[in-house]
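So the structure is just underneath, and the comments pick up after that.
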2 protein chains.
Amino acid sequence: MARILDGKATAAEIKAEVAAGIEELEAAGRSVRLDVVLVGDDPASATYVGGKEADASQVGMASRVHRFPAGVTQQRLTDLVDELNHDPAVSGFIVQLPLPEGLDPLPLISRIRPEKDVDGLNPESAGRLSMGLPSLMPCTPHGIIQLLRRHDLPLEGREAVVLGRSNLVGKPMAQLLLRENATVTVCHSRTRGLAEVASRADILIVASGQREMVGAEHVKEGAVVVDVGIHRKQEGGLAGDVRFDEVEPKASAITPVPGGVGPMTRAMLLHNALQAARATLA
Amino acid sequence: MARILDGKATAAEIKAEVAAGIEELEAAGRSVRLDVVLVGDDPASATYVGGKEADASQVGMASRVHRFPAGVTQQRLTDLVDELNHDPAVSGFIVQLPLPEGLDPLPLISRIRPEKDVDGLNPESAGRLSMGLPSLMPCTPHGIIQLLRRHDLPLEGREAVVLGRSNLVGKPMAQLLLRENATVTVCHSRTRGLAEVASRADILIVASGQREMVGAEHVKEGAVVVDVGIHRKQEGGLAGDVRFDEVEPKASAITPVPGGVGPMTRAMLLHNALQAARATLA
């Protein structure tokens, strides 16, 4: 029986800390505001942004959503990024992805000042992370580190295997595990003998984006398994990248889907906004 | 008997290509210039810079060395970086490290425009590399990729192990191997069971900075071994991070020290300066 790593409970802890941090800043006459740029009418994006607004409000953080129709010009968005970069009332902001067809996210993301880049996705933030310099860190991998740390699961000297190499999760995850002194292996679609490689892991992070691809054969007895995937089942409910029922009996600890990594990602966005407001990088 | 990966010969090929590229640009009325900022009178730095000038001259590339006494102010160097950033005659430039006591290299390196960052060491360059965006790449890891590629040693799907996690070599090396679709593991001083982990490698890159620390017990039969280390022996001559005599019989291919990675690093600086002059990032 694996220990279930309850992301909801840990996220609640972090949110309480963020709320306290905001009060402290406000007592000193400063405020925290998290802005979101939302373009078009993708229903999933609208839901995520709604969630972010609710999260912010829950911890007493101001937030503002800048809404645009799908037909907005790249230039208008560029101007907005510049405006938000320079507005001292805005602690940090994100551009909700994906953008509608015809708009290029990269120049916008790259233009966000690293001090306000609360998604941690701009190239300078990525470089600072990789070099071990202070930076705002991508929410999902940082949330996973927090989840492991707050469950007293040691990383130093352990074998960590990351399945997936996206810019959003896999690559920054590898950097953060390395910073924690784990021995880190990154696997991907071209990896040969994946089950063998994955089952070396003391800590296995699955971010392949493929529904239920990881089973018992990928997992060492006693491993810690973190499932980043989230997939909507046709029959209703959610599934991860891991076949939970099969892996759970073998693991020593495992994240559920939902209620594992997801809430941590959301909490870390608030954490980043507070960190940005404290201007730790400025 | 391992195949000896002759970095000198491969570097000569690359230099010939760079020389041809320069001629081509010059025929189109454009020029290539590589500048170096050299502070203080560290004899090793002076030797390296001398080597860079000689390399540049060998391929018909202009270069200029900006020399300062150890007592120069940080501000003066900052101003010079700005000047070189904006001087259209300068294709790319480097600040020779280490700087003397009292000068902080990071703000200077970070200030170099990524398009002119021919050492590939600034955080934005590191981030662009990690995200798979076009960038100027750090010379040693890029040189190693070139050396392997030009010896038809495949990386895709292979197990690559990098020993060392410096910003200069280990971390960008891991990124580049990942880009080549290798399965990549990064080891370091906190890794447990290093010999076992290292001997999984089809390709073992040793950049530990510790003289002759890697022996036969770290190497799988038939592995490709790349030695980044360079240490001056008291009795004269140079040694690497690998015990060559012991590892060579087990490896299928191995770099010598000297004459392996070193010449590749030097050649890639010229390659980067040419790439910068072509303004491929601009």
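Cβ from N, Cα, C; glycine included.
Annotation comment: TrEMBL describes B:Gly164, B:Arg165, B:Ser166, B:Ile230 as NADP(+) binding site. Annotation comment: TrEMBL describes B:5-119 as domain 'Tetrahydrofolate dehydrogenase/cyclohydrolase catalytic'. Under the heading domain 'Tetrahydrofolate dehydrogenase/cyclohydrolase NAD(P)-binding', TrEMBL lists B:138-279.
Taking the domain 'Tetrahydrofolate dehydrogenase/cyclohydrolase NAD(P)-binding' (B:138-279) as a whole, pLDDT averages 97 in the prediction. Around the Cβ of B:Ser166 (NADP(+) binding site), the number of neighbouring Cβ atoms within 10 Å comes to 17. Listed in sequence order, B:Gly170, B:Cys187, B:His188, B:Ile205, B:Val206, B:Ala207, B:Ser208, B:Gly209, B:Val228 are the same-chain residues at least 6 apart in sequence whose CB falls under 8 Å from the CB of B:Gly164 (NADP(+) binding site). Working note on the binding-site residues B:Arg165, B:Ile230: by count of other C-beta atoms within 10 Å of each C-beta, B:Arg165 ranks first. Using a cut-off of under 8 A between C-beta atoms, none of the binding-site residues B:Gly164, B:Ser166, B:Ile230 neighbours chain A.
Spread of the NADP(+) binding residues is 16 Å (greatest Cα-Cα distance among B:Gly164, B:Arg165, B:Ser166, B:Ile230).
In the domain 'Tetrahydrofolate dehydrogenase/cyclohydrolase NAD(P)-binding' (B:138-279), the DSSP tally of helix, strand and coil residues is 50 helix, 26 strand, 66 coil.
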